[in-house]
Amino acid sequence: MTSGQTAQRKDGSWHTFAEQVQQAVDNLARALDAGGASARDVVKLVFYPVDWSMDLAEDLVGPILRLLSEKHGAPHQPLTTLVPVPKLAYPEAKFEIEAVALVGGTSEPWRDSKSEGYSAPPAEVDVVVVGGGFSGMAAASRCHDAGLSTVVLEAKSRIGGRSRSHHLDSGSGVVEMGATWINKTTQPEVYALTRRFGLETAEQYTEGDEVFQGVDGKVGPTEKDREQEQILASALIERPEALNIRKWHDFPAEEDVTFAEWVTEIWCTGDHAQHVANHLCSAIVGRGSDVVGAHYFLDYVKSGLGFISLITEGEMGAQSLKVKKGMSEIAYALGRSLKPGSIWLNSPVDSIVQRHGCCHVTTTAGASFKARKVIMANPTNTYTNIRFSPPLPSGKRALVSRTKPGHYAKVIVSYKTAWWREAGLVGKFTSFKGPICFSWDTSDPGNNQYSLAIFIAGDIAYKWHQLPSLQQEEAVVDHLAELVGRELAENAVNVLEINVMEWTKEEHIWGAPTSAIGPKLLSKHSQELRQPFRDIHFAGGETAFEWKGYLEGAITAGYRAAEEVQQALQPETKL
């Protein structure tokens, strides 16, 4: 049980009622986190507003709903009590909130509006899939189609992993808080799923000018800066092309350094080149160039069909198509293709014990499953939360224990109109200063949904995460106003709705868009990344050959792991 949370500023002053509610809710979230709980664990909320009237309802309900729904998937509805009071302990305090949380939670079956029912999970199955992201759902779907009894254990209260489609409060549109784009030409598996499930796609908007800001705050690069950018771009086009993403031991030892060192020693000196390298590394894998290995980064670029593919839109670009109903619809459709009761939410795996030719999987809530095979489809950086017996092989432990999840956040800023388009801008704002690192136009004019998807990554994200939520939003909007200039600044600050996803803080994921490793690890341990360990097989986007860190890679890695399981179980009787 938390103590009452109020909202006094550090300087001793007090917010308005609406601001006090938001800050008190933020304080509550931090208190829950400090106690090892989350909003999903809350069973009771008590509100103490001063001089309550229904005119204050909107100011109260909004922050509470965002706490219970937006950041944690499916709506959560604890018991709530509103107790109007004439005053609180401090005369200036207008609101106080307290909560009762039950840590541990209860597993529950995944269902949506089209689900017809479910049964209790079987104690024995052919396959247990750990993780209900795209890779886990793809693996489960293939196992199910092969006639294997399958259970998916998802730690969170939703499926979809690093995808997160959100219906706007201000209108009928859908925005993506996570994975956003696919490509029908270069990403055939994920595109095939949109066709299979009848999901309509839309092309990414590409018309207009971009805005660039250097680390010094000046808008637009100098001629010398452009020269360094061209040298680095040429290196990032040529060097990955020479790599074989299925043969890691051939990478030259002298190049197996951090990406920052590789840029300086091998290709290009100059401060601007380093700023570009750090920005690209942070944007693509979520970590700075001073900690990410050059081999890993170049392999990652090659896996996405090259540097130009990763940074562009159009027919061959990674940012080509959006799913109109939301990317999470693919995960939901895969979920509906399974037997009801196959997917269990709020079910973090605590231990996996292999003995006598079987895997015994236990969740933190105490549920136990006996399986012939296990497919790990959770992020590699979360393997350390599971007790393996016998322990994972030394090579795999060495790799997993050094995996660094990306520092990443996504902010969707919604407006009544696409004012940037009217001003001749494409919606791509790039800054080395931050907090905005880069952005894209994610509007859907057919639904009167006009928005910018703003990304905050790397060291800039790490610092931005420390701010209270209102200051986070303020910093982003103020920076956008700075980037568009005085003439458009008023449009930038006239926001209709803001939605924030701090992937670095997202429970059971703890980072995005992927995980990264330092120098020399890929050459030494890459084979162990995908290699099965007895009856445990490994999926997840980080284990993909092509399109690591993307939905395509997650899906193909899930298919690969499912195929390994099918081949291993062919001679055996299915449960």
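Each residue, glycine too, has its Cβ placed from N, Cα and C.
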Could you look at SER135, SER170, SER172 and say which one TrEMBL places alongside GLU154, ALA155, VAL349, GLU542 in the FAD site?
-> SER135
Across all the protein chains here, work out how many other Cβ atoms are within 10 Å of the Cβ of SER135 (FAD binding site).
-> 34
Here the mean pLDDT of the domain 'Amine oxidase' (134-565) is 96
For VAL349 (FAD binding site) and PHE455 (substrate binding site), what Cα-Cα distance in Å is obtained after rounding to a whole number?
-> 31
Can you tell which of ALA155, VAL349 has the least company, meaning the fewest other C-beta atoms within 10 angstroms of its C-beta, among these binding-site residues?
-> ALA155
Integer Cα-Cα distance in angstrom, SER135 (FAD binding site) to PHE455 (substrate binding site) | 23
Fewest-neighbour residue among binding-site residues, criterion Cβ within 10 Å, set GLU154, GLU542 | GLU542
Under 8 Å Cβ to Cβ from PHE455 (substrate binding site), same chain, six or more residues apart: give me those in sequence order, or none if nothing qualifies.
-> ALA283, TYR408, ALA409, LYS410, VAL411, ILE436, CYS437, PHE438, SER439
State the three-class DSSP label for PHE455 (substrate binding site), counting H, G and I as helix, E and B as strand, and everything else as coil.
-> strand
